[in-house]
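Here the structure is laid out as structure tokens; the discussion comes afterwards.
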Amino acid sequence: MRAITALFFLFCFVAPSALAQLRQGFYGRSCPRAESIVANVVASRFRRDRSITAAFLRMQFHDCFVRGCDASLLIDPRPGRPSEKSTGPNASVRGYEVIDEAKRQLEAACPRTVSCADIVTLATRDSVALAGGPRYSVPTGRRDGLRSNPGDVNLPGPTIPVSASIQLFAAQGMNTNDMVTLIGGGHSVGVAHCSLFRDRLADPAMDRSLNARLRNTCRAPNDPTVFLDQRTPFTVDNAIYGEIRRQRGILRIDQNLGLSGSTRGIVSSFASSNTLFRQRFAQAMVKMGTIRVLTGRSGEIRRNCRLFNNGR
């Protein structure tokens with residue numbers, strides 16, 4: 001999997017009227033089994049592939065950070081009509097077939113009721129819990145967007161300075177704590193290709209044993225991958241913050257969180273307390289999931305997550 005490169009997010013304020021229409025248990029009457037159907041599909045995949053948590057975290061982030069949480073990322077490109085999915089940062093996002101299976105079962109149980117945007121949100125939440133992360137409730141009621149344009153995709157890379165990342169978050173209503181939580185938490189699972197952290201290999205401050213191991217791995221052809229969290233790579237936990245404190249962050253942005261005066265205190269707090277990390281990560285994920293949502297009569301409920309209902 002191409003690295004979870006862009007947990008460097010373009011957050012947008014949520015219109016109060018839209019947010020008010022999101023609520024827990026939104027499908028309680030219209031599709032009572034909605035959340036259990038998604039949970040069962042995700043659990044089935046997780047039993048065969050624990051890396052699916054990283055895939056869903058990346059999928060939700062890359063969807064929400066562009067036009068809000070509207071499942072615009074899921075639209076397939078067609079001849080003469082590219083989509084967000086076809087852009088470089090999104091080219092290796094994976095897990096779409098799991099969303100497809102959940103949608104197939106939901107359409108059989110409750111036709112035209114559960115949005116693809118809500119499926120992504122629920123699948124991510126469920127996969128986080130399966131990977132040892134916090135169990136949290138999310139409001140539902142999102143609707144699917146009517147636009148997927150590759151020109152909208154603008155996701156900063158893994159060498160973005162901490163100050164620039166803070167500004168991006170602040171401009172979109174997210175604070176520094178949210179940023180550190182989501183970047184570190186998102187990178188607690190998943191992998192990065194060597195091409196994305198070669199700058200770190202030239203850093204003399206990097207832990208020597210890790211540097212030597214990474215250099216050896218990266219000598220292999222075809223741009224190999226390494227785990228972003230060397231200690232617990234399949235668990236959503238606070239271990240990566242401890243690694244950062246020891247100069248063992250793989251990506252430049254990760255390590256810089258531990259060096260910057262504006263963020264190293266947060267990194268230290270999370271490194272010292274998995275309980276605190278779990279609490280803040282759950283809060284940040286719920287907050288992220290409400291970015292510029294469509295509700296009410298806006299957008300649509302897609303029958304197929306890969307296509308707009310008008311067939312475009």
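Cβ atoms are placed via backbone N, Cα and C, with glycine included.
A quick note: this is a predicted structure, and the numbers were derived from the prediction, not measured.
Cys305 is paired in TrEMBL with Cys116, the candidate among Cys110, Cys116, Cys194 named as its disulfide partner.
Listed binding-site residues: Asp63, Asp70, Glu84, Asp229, Asp237. The one with the lowest count of other Cβ atoms within 10 Å of its Cβ is Asp237. A straight line from the CA of Asp63 (Ca(2+) 1 binding site) to the CA of Pro156 (substrate binding site) spans 14 Å.
Each of the recorded positions His62, His187 was scored by how many other Cβ atoms lie within 10 Å of its Cβ, and the smallest score goes to His62. Within the region 'Disordered' (134-157), the DSSP-based counts of helix, strand and coil residues read 3 helix, 3 strand, 18 coil.
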